[in-house]
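Colleague: Here it is: the structure, laid out below.
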Amino acid sequence: MILLGGGIPLLWNLSGQVSGCAGFGPEYEIVQSLVFLLLATLFSAVTGLPWSLYNTFVIEEKHGFNQQTLGFFFKDALKKFVVTQCILLPVTALLLYIIKIGGDYFFIYAWLFTLVVSLVLVTIYADYIAPLFDKFIPLPEGELKQEIETMAKGIDFPLTKVYVVEGSKRSSHSNAYFYGFFKNKRIVLFDTLLEDYSALNKEPAEGEDGENEDTKSKTKNKKQGCKNEEVLAVLGHELGHWKLGHTIKNIIISQMNSFLCFFLFAVLIGRKELFAAFGFYDTQPTLIGLMIIFQFIFSPYNEVLSFCLTVLSRRFEFQADAFAKELGKAQDLHSALIKLNKDNLGFPVSDWIFSMWHYSHPPLLERLQALKDAKQE
């Protein structure tokens, strides 16, 4: 409807009127582009809100995952929008400026700029951005922390800190990940992954009704999360991704794809018929060119690339499971995968064609089969 109704040129003209009212004429294309981007993301946020509300308060609520109140949801959505704009607008402005002044080889400079930005964001995300939304606390001293440190040392993983994030304030889904470059790596565990730490397993204190201004407590008839041995097995899988170089390989593939896309953008940006097809007959704004080429022209290529990356991701997951198996964690990983599948209400049977195209992780039964021999041993 947006394409057929000329929504993109309409919004671009509206952006020109808004920037014009602020004293910026048509020659200030970057300013108009930022206004366009702000209005477009605002439109996207507003039109996507009903679907997000339905997903959170109907689907997730129905199956017992939602832990948010309506107030927490809207506060979180507003915070995400503001943080996104604080990052998106200055980065876009610099990118457009680089493209404008870059000459014939602007695509190289634009690619280098996006590379630097992505590395900076990956570096600062967990320390400065994620804590804006969730509370991170150091994993208390104890047996679990000691065993994590021992396992990390055994495979030369340069672990500096282990955090627990209060994911239970938002959802009862569970997860774990590591981040950081070079010799400064940290592990983050969701409290919903840890049987001993999950707030969802704890009874409200006497005198409390189990609900505060931000979150609500759900009564469960079973414990959620994994035992310490199973948590270590899950971490063995995650550390396998690092040891086997999966993270670096993904970064290299991503940047090779980014460079190719910027190169093709440089080839196509001068084609006026592309702009005319989307309703831009007199002007060829750079931001609109980026949108047309990256979002629409590359769409078939992106589908093929997505499928290839899904196949690669599944291969990486099997390899990480095998790594955990080599660490002697096969039996614990076996039980942990079953628990996580139950906690997240995963359905164990999948159509193989649908699974092949959409699932970045192999279905549960396939992973258990791969671990079966080691478990029997």
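Yeah, the Cβs are placed from backbone N, Cα and C, and that goes for glycine too.
Below are the features I grabbed from TrEMBL:
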ACT_SITE  Glu238  active site
ACT_SITE  Asp321  active site, proton donor
BINDING   His237, His241, Glu317  Zn(2+) binding site
DOMAIN    2-135  domain 'CAAX prenyl protease 1 N-terminal'
DOMAIN    138-373  domain 'Peptidase M48'
REGION    203-223  region 'Disordered'
TRANSMEM  30-54  transmembrane segment
TRANSMEM  81-99  transmembrane segment
TRANSMEM  105-126  transmembrane segment
TRANSMEM  259-281  transmembrane segment
TRANSMEM  287-312  transmembrane segment
Colleague: So among His237, Glu238, His241, all listed as recorded positions, which is physically nearest to Asp321 (active site, proton donor)? Use the C-alpha atoms.
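Modeller: Nearest candidate: His237.
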Colleague: Between Glu317 (Zn(2+) binding site) and Glu238 (active site), find the distance joining the two CA atoms and give it rounded to the nearest Å.
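Modeller: Cα of Glu317 (Zn(2+) binding site) to Cα of Glu238 (active site) measures 9 Å after rounding.
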Colleague: With an 8 Å cut-off on Cβ distance to the His237, His241, Glu317 Cβ center, who else from the chain surrounds the Zn(2+) site?
Modeller: Glu238, Gly240, His246, Phe316, Gln319, Ala320, Asp321, Phe323, Ala324
Colleague: For the transmembrane segment (81-99), which stretch among 30-54, 105-126, 259-281, 287-312 has the most Cβ pairs under 8 A?
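Modeller: Counting Cβ pairs under 8 Å, the winner is 30-54.
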Colleague: For His241 (Zn(2+) binding site), which residues in the same chain are close in space, meaning a Cβ under 8 Å from its Cβ, but six or more apart along the sequence?
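Modeller: Listed in sequence order: Thr247, Phe316, Ala320.
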Colleague: Six or more residues beyond either end and a Cβ under 8 Å away: which residues meet both conditions relative to the transmembrane segment (30-54)?
Modeller: 11-12, 14-16, 18-19, 22, 24, 73, 77, 81, 84-85, 88-89, 92-93, 96-97, 100, 285-287
Colleague: Are there any residues at least 6 positions away along the chain from the residue listed as 'active site' with a Cβ closer than 8 Å to its Cβ? List them or say none.
Modeller: Ala176, Tyr177, Phe178, Ile187, Ala320
Colleague: Please determine which of the recorded positions listed here (Glu317, Asp321) has the lowest count of neighbouring CB atoms within 10 Å.
Modeller: Glu317
Colleague: Mind checking which residues of the chain, 6+ beyond the ends of the transmembrane segment (105-126), have their Cβ under 8 Å from one of its Cβ atoms?
Modeller: 87, 91, 94-95, 98-99, 136, 179-181, 186, 188, 254-255, 258-259, 262-263, 265-266
Colleague: Work out, from DSSP, the number of helix, strand and coil residues along the domain 'CAAX prenyl protease 1 N-terminal' (2-135).
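Modeller: So the counts come to 111 helix, 2 strand, 21 coil.
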Colleague: Below 8 angstroms Cβ to Cβ, which residues of this chain, lying six or more residues outside the transmembrane segment (259-281), approach it?
Modeller: 3, 6, 8-9, 12, 106-108, 110-111, 114, 288-290, 292-294, 296-298
